[in-house]
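Before any comments, here is the structure.
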Amino acid sequence: MASSSSCRTWHCLLALLLLSSAAYGQLSPSFYAKTCPRLELVVRSTMTKALLADRRMGASLLRLYFHDCFVQGCDGSILLDDMGSFVGEKTAPPNGNTVRGYEVIDEIKKNVELVCPGVVSCADITALAARDGVFLLGGPSWKVPLGQRDSTTANLNEANSDLSVTSLSLDVLIASFAKKNLSPRDLTALLGAHTIGFSQCVNFRDHIYNGTDIDPAFATLRKRSCPAQAPNGDSNLAPLDVQTQLVFDNAYYHNLVAKRGLLSADQLLFGGGSQDALVRQYAANPKLFESDFVTAMIKMGSLGPPSGTPTQIRRNCRVVNS
């Protein structure tokens, strides 16, 4: 009898192990429901504190999340510090000196570890922080697919190639999103994230001085804080949305229709091309924009690292576990 009972117990344990292993390949909003039920409360409270100190942080963490997902999937690779011979994505030109908010991710991770040590990935914390940043600035909320794990590698070359948005045509922009299995509609909705946040003069100088698809009065306004001669004023900031830069709404699309997109990549969405009609729809219907934005965010958030990539749950988001 003892042997039979032990055998049944072993079968149960084996089944549980197989189910647990399978679960790591499946994303779900309830992934941590049993292992860390207070997770989202901890993230939301830490994000609220961060935005009370700096409302720009909502946009900054949304951008950090985009830049993580667009390089080998949503795996927390952007969070890894350069160390010794290891050079990661954090100091790649599209990220260095422009992506910010790492210290907020560190704070959230510290607070989560206090209640659920060794359970929640830095990748998932970044996803939840991005969602909460949007929500706390007046945007929609959504159920984040959780269960992503942290990579033990980063890809500097891919960061340099896949995050550059200068000198693009609309077709090239669409193709760059298609590489991530994101449609033109996803592209147009996701760039609506530029309804919040700021950009540096170095990123929009060419557009305001040499662009032909820009409102002259808007260009003149932006030139006041962005001198023509580089590197003068390179790091000077201007709002991506000239109307409501700290509120998540659909004003970005109104700006595009009025030829007031700050970045050349923004204005590409509305310039006689394939996305003009959708831009007008989003400008007229904020609920449609929010719905499509949420759909695209969930789709992007499901991007994982390439098959076979070693992963873990990092104890410190900045370094691989020793």
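Cβ coordinates come from backbone N, Cα and C, glycine included.
Candidates considered were CYS12, CYS36, CYS69, CYS201; the recorded disulfide partner of CYS116 in TrEMBL is CYS36. Within the set CYS74, CYS122, TrEMBL assigns CYS74 as the partner of CYS69, by disulphide bond. Between CYS317 and the candidates CYS122, CYS201, CYS226, TrEMBL annotates a single disulfide bond, the one to CYS122. Shown are the recorded positions CYS36, CYS69, VAL71, CYS201, CYS226; of these, the residue with the fewest other Cβ atoms within 10 Å is CYS36. Averaged across the domain 'Plant heme peroxidase family profile' (26-321), the predicted model reaches a pLDDT of 95. Ranking the recorded positions CYS36, GLY73, GLU89, HIS194, CYS317 by Cα distance from ASP249 (Ca(2+) 2 binding site) puts HIS194 first. The two recorded residues, VAL71 (Ca(2+) 1 binding site) and CYS226 (disulfide bond), have Cα atoms 30 Å apart.
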